[in-house]
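Engineer: Pulled these features from Swiss-Prot for this protein:
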BINDING   Arg46  NADP(+) binding site
BINDING   Arg122, Ser123, Ser124, Asn238, Ala239, Gly278, Lys293, Pro294, Thr295, Pro296, Ser297, Arg319  FMN binding site
Amino acid sequence: MNTFGTRLKFTSFGESHGVAVGCIIDGMPAGVKFDEEFLQNELDKRKGGSKFATPRKESDKAQVLSGVFEGYTTGHPIAIVVFNENAHSKDYDNLKDLFRPAHADFTYFYKYGIRDHRGGGRSSARESVARVAGGAVAAMLLCEFGICVQSGVFGIGTFVSNLKEEEFDFEFAKKSEIFCLDPKLESDFKNEILNARNSKDSVGAAVFTKVSGMLVGLGEVLYDKLDSKLAHALMGVNAVKAVEIGEGINASKMRGSCNNDALKDGKFLSNHSGGILGGISNGENLILKTYFKPTPSIFAKQESIDKFGNNLEFELKGRHDPCVGVRGSVVANAMVRLVLADCLLLNASANLNNLKNAYGLK
């Protein structure tokens, strides 16, 4: 599906080598201050063009088509479009009938009977432009409530930071070309990416996300738990293979006496749960880790088949990220923002008092 969210609905459209990529955000309340400069800055973070990302250079200039008037949201659908300006479709002519390993080529073809071979079409990470735009709009709402979502990279390949989560340096990550959270490892991270690129290969990454200023009560019970929604959103990002919340996998190795977050004087003494209990936020920081596989587009010789079942060897052309997880950190951040904004709006009608307050009733 191309639409995400319950109360705040986000729909993306467009393909890697199509005319444009964009999104529609429906359900945003009227009166939210709309910051176009912030929107553009978020899109600029996701852009390629550096030696650590795809050489494909796009201006990624956002055009807001509707839903905003005199600097504020109107309560109507917000449409944002970003035109593709630098697609090299000829690079993919030799892939028209070929299935690239670890891509969506094989599954898209057998599911739909047709696929856009130019850069992967809809399955391309180019679609994430729309997600980042939507996440930026969601952040404008979250900002009104003091909720701040920050993300960065804490692992590249076999190099993983051993810093404690509270020691991750988000200010450094803002200035880092690869959004590195550990200043001491930035050089190793960069070398790992460049070594992969120089050997016609790629490498995976690990992304850390922290949400501060959280409110109590976001999320629902059972099938719409906040952790379920976050995992759903993040697992829908290109190349993501695993998501952890709080202690994550480590919780399976712990005793309950260590994993439980005790309370004293109205405060939690720890945050092993990652800010979520029973599927509902408890007011502590949300803690998430997202793991990206190596970019499947590599330039080493590979084996595959074509749509006729013929075996063949091929070497890929085109422009691709040596580590998709670097720019993926910006996308992961956007998806968390969209989930939280949606939950924030849903919580406004979670009980009678909330509903009465919305109408000024007691």
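Every residue gets a Cβ built from N, Cα and C, even glycine.
Structural setting of the listed features?
Structural biologist: In this view, Arg46 (NADP(+) binding site) is surrounded by 23 other Cβ atoms within 10 Å of its Cβ, with every protein chain counted.
Cβ-based neighbour count (10 Å, all protein chains) for Ala239 (FMN binding site) stands at 22.
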Engineer: Round to the nearest Å and give the CA-to-CA distance linking Ser124 (FMN binding site) with Arg46 (NADP(+) binding site).
Structural biologist: 14
Engineer: Write out the long-range same-chain contacts of Arg122 (FMN binding site), meaning residues 6 or more apart in sequence whose Cβ is under 8 Å from its Cβ.
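Structural biologist: Within the chain, Arg122 (FMN binding site) has Cβ neighbours under 8 Å at Gly14, Glu15, Ser16, Tyr108, Asp116.
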Engineer: Note down the number of other Cβ atoms within 10 Å of the Cβ of Ser124 (FMN binding site), including every protein chain shown.
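Structural biologist: Total other Cβ atoms inside 10 Å, all chains included: 21.
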Engineer: Here the binding-site residues are Thr295, Ser297; which one has the lowest number of other Cβ atoms no more than 10 Å from its Cβ?
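Structural biologist: Ranked by other Cβ atoms within 10 Å, the binding-site residues Thr295, Ser297 bottom out at Ser297.
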Engineer: Could you list the residues of the same chain, at least six apart in sequence, whose Cβ is under 8 A from the Cβ of Lys293 (FMN binding site)?
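Structural biologist: When sequence neighbours closer than 6 are ignored, Lys293 (FMN binding site) has Ala102, Gly204, Ala239, Val240, Lys241 within Cβ distance under 8 Å.
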